[in-house]
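As written in TrEMBL, here are the features:
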DOMAIN    8-139  domain 'EamA'
DOMAIN    150-280  domain 'EamA'
TRANSMEM  12-30  transmembrane segment
TRANSMEM  36-56  transmembrane segment
TRANSMEM  68-92  transmembrane segment
TRANSMEM  98-116  transmembrane segment
TRANSMEM  123-140  transmembrane segment
TRANSMEM  146-169  transmembrane segment
TRANSMEM  181-201  transmembrane segment
TRANSMEM  207-226  transmembrane segment
TRANSMEM  238-257  transmembrane segment
TRANSMEM  263-282  transmembrane segment
Amino acid sequence: MPQDRFLRGVAFIILGECFFVLTGMVVKHISVEAHVWQMVFFRNLFGLAFLTPLLLRSGRSAFKTQRLPLHFLRAALGVAAFSCLIYTFASIRLAESTMLKLMLPLFIPVIAWAWLRERPTPILAFSLGLGFLGVIIILQPDSLAAAARLAILAGLWGALFAAGAKVVIGRLGATEPSVRIVFYFNLFSTILSCIPMLWYWRALEPITLVWLLLFAILATIGQLSTTHAYTLASPGKIGLYSYASLPIAGLLGWLIWSEELYLELWIGSGLIVLAGALTFFYSRPRKPEIATAQD
């Protein structure tokens, strides 16, 4: 039944976002011991080890694809997005970094305009401006140190790169199953992140490797959950529910790190959610379908 698929899609999108919040928490915990590029590399390496057996069980045909260039482009954008967002999660409060990640839907019409020549409507341009106003209210850039400003800029770039990756996924989703898309993402991302990881290598304690394994598992489950959600219902119908991660991140940040839940956070978050709602409701039908919510 369509309603049943919609409800299951909502459940999986919220589940995936919960796993992404947990991923951000692990990043904050291990950011002192592990470099950003080590986190990117091991997340992809462990994710690859997790997914390869799933494809092997389906036979060699599961690996066959005619769209390697698009898979590689998606991985390059994903690595750029993931490295930026990891840096952001490690540097500022959990709710604030989660909020920056949620700017992603607002950038998708911009990418569609630049790449696919789909001209955004005035309401979508207004939504993007409204989203940036929310960011300014929450983060109050004038009162921040230079390091925090850099983390904010990295988060916005991460959301932009991730939006580009999602537009590519929209092209891939027409012929590729979700597990294959995620597999090739992990394969190419492992290769791309290997060189900078070696350049910035730090000696890691065994317990840090355990945390990195947990980090990869949480991120992969979150990625698969959101991918599955968008196979059950269209992004325009369920994408707005990804904003459920914002209050979850705020609550967990307050409970674990005593991060303040200040008034500007709620006002700015409300504007970003409103901007996201306008984006979802007024996006053109031709906008590419999103197949996953992460990197």
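Easy rule for this one: first residue shown is 1, then count along the chain.
Cβ coordinates come from backbone N, Cα and C, glycine included.
If you count C-beta pairs under 8 angstroms between the transmembrane segment (36-56) and each of 123-140, 146-169, 181-201, 207-226, 263-282, the highest count goes to 181-201.
Long-range contacts of the transmembrane segment (181-201) within the same chain, counting only residues at least 6 positions beyond its ends with a Cβ under 8 Å from a Cβ of the stretch, are 35-38, 40-41, 44-45, 47-48, 51-52, 54-55, 63, 65, 68, 71-72, 74-76, 78-79, 82-83, 169, 172-173, 220, 223-224, 227, 291-292, 295. Sequence-distant neighbours of the transmembrane segment (146-169) (same chain, 6+ residues past either end, Cβ-Cβ under 8 Å): 70, 73-74, 77-78, 80-85, 87-88, 91-92, 97, 100-108, 110-112, 115-116, 135, 139, 181, 288, 290-295.
The domain 'EamA' (8-139): residue composition by secondary structure is 111 helix, 0 strand, 21 coil, according to DSSP.
For the domain 'EamA' (150-280), the number of residues in each DSSP class (helix H, G, I; strand E, B; coil) is 113 helix, 0 strand, 18 coil.
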